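According to TrEMBL, the protein carries these features:
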- 215-231: compositional bias 'Acidic residues' (COMPBIAS)
- 7-200: domain 'Leucine-rich repeat and WD repeat-containing protein 1 LRR' (DOMAIN)
- 280-669: domain 'Leucine-rich repeat and WD repeat-containing protein 1 WD' (DOMAIN)
- 211-277: region 'Disordered' (REGION)
- 403-437: repeat 'WD' (REPEAT)
């Protein structure tokens, strides 16, 4: 039986009423109402209702036919709403609040601004100017892009006389293509943009194919091109970000050569000219967003880790058509930031005053939201000096839990690519732990459990799961060498010693297992890239040829089968780590002078895949070195910049550079 009756509506009217049609203000808050309780037949009798309070209930959506033709004010705070498009049935709505609905995002704000032409206040803020911009300027720009896409790629595919089947086919292709290729605004609004693009494309097709349209074109509005960026900045975070001045004339283009002793040979120059892609890049943004206490004078906070947000595939909001996320999570000092690489906007910021964060990692959890329905959400794990893992539901802006993983600092964390809840934490206690972080319920209750402990002989600095068998083997670069563990969970042993330690060439021409490995990553399914304390050298070596998975016994000493060495800085400074972009066969590593060394290895990987592939005789020099621009702070040049980490997105569109001077630099491939 429905919780809402005629008697209840009359009683909850303000003031109390004797007839439904006379009610103008109605308070239905705190009744534990669900969507099914909103009976359209009963609500259709509220013909003069102007103010409706549905806060503090359990609504996940609105029925499509509530028929409240005079509704002006609606309060939906503290519900479980997932979608706002049904609100278009209230065209006279002027004031709307839906705060504390964890599944609604900035994209939903933009949707209601477009759908509700009379809306003035959203969540207590005057959105008149921004809403006009969304409805007119934004729509005009998207319409122009959609039209251009049709003219360029699809107009000639449509014959003069076409059948219904042909129309259906070309419509399907066009809608998919236009949503893939028409991009506008920051990635935080990508869902709204694709929603509008699809709407505009459908209207355009209806018009182009001779069908009548019910909408009139919006009048154009003159606007400052910069207005869009300013209105899209987040509510907070932006105040905490300092933009460092870059002297434009001093920006170095990327034809710079390696330092003395590392000059390229003609053969290397020819290789670059023959390369398929142009790797030139330009600096986009230099952000000071991890300052202690938000101080603009902080150029000492070290930045350590960054990782790009994965793309969601979650039902109505699935996101399969964007090639790569533009959002990156960075950590250093007391804070974690989420940054839009294109705009340089700090979308979100999390602080723990007593923490120093060393590592961040993403996973996508399939969570039960309500009525046993499931939805995918990105979860960020962050850890550092306190040995505690923080779990953050980013879309909800909520740190929902923590795991007290170790009594000493956590150097690095990573999620399993096959088990979404499995998290590895590597600590200064010389242990690597595997955790099942569980899946939070709709109230964010979760249960974490420790599945495995890997014993190391020294502090693990970097960890990597073997791509061909991520549930069976883990590699770690440690203070005292490079090790491998069997992590298969069908074994009884919960605490395990290492299975193998790898030998590498030493400076005297012999082999050694004792060296600091502070950089470790897979370039592809087989090739490992590691950086050790041997100056000026990064090794590339084969997993399959170095390690026999059928070998017996623990704590074996195994010689790494070296495929090549990369030329790098001769510095003896440690903890300047490396990264890879497997899709593009790239390796990146920063140095002690603020430069980023980039290696395009696509001309080598085919030979390395061969079982008979020979080791490259000479060190491979960098394809390019991105030199640090001359940055000025308070009129003085920023010097002594160490590059702690460099990470590209999966398609190598953006390169995020983390420094020792509290600067996040973002480069874009041009």
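Heads up, residue numbers simply count up from 1 along the chain you see.
Cβ from N, Cα, C; glycine included.
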### Task
Compute the average pLDDT of the predicted model within the repeat 'WD' (403-437).
96
#### Entry: Same-chain residues near the repeat 'WD' (403-437), Cβ under 8 Å, at least 6 residues beyond its ends
305, 358-366, 379, 381-389, 391, 446, 448-465, 467, 470-471, 474, 476, 485, 487
### Task
Would you mind splitting the repeat 'WD' (403-437) into helix, strand and coil residue counts from DSSP?
0 helix, 20 strand, 15 coil
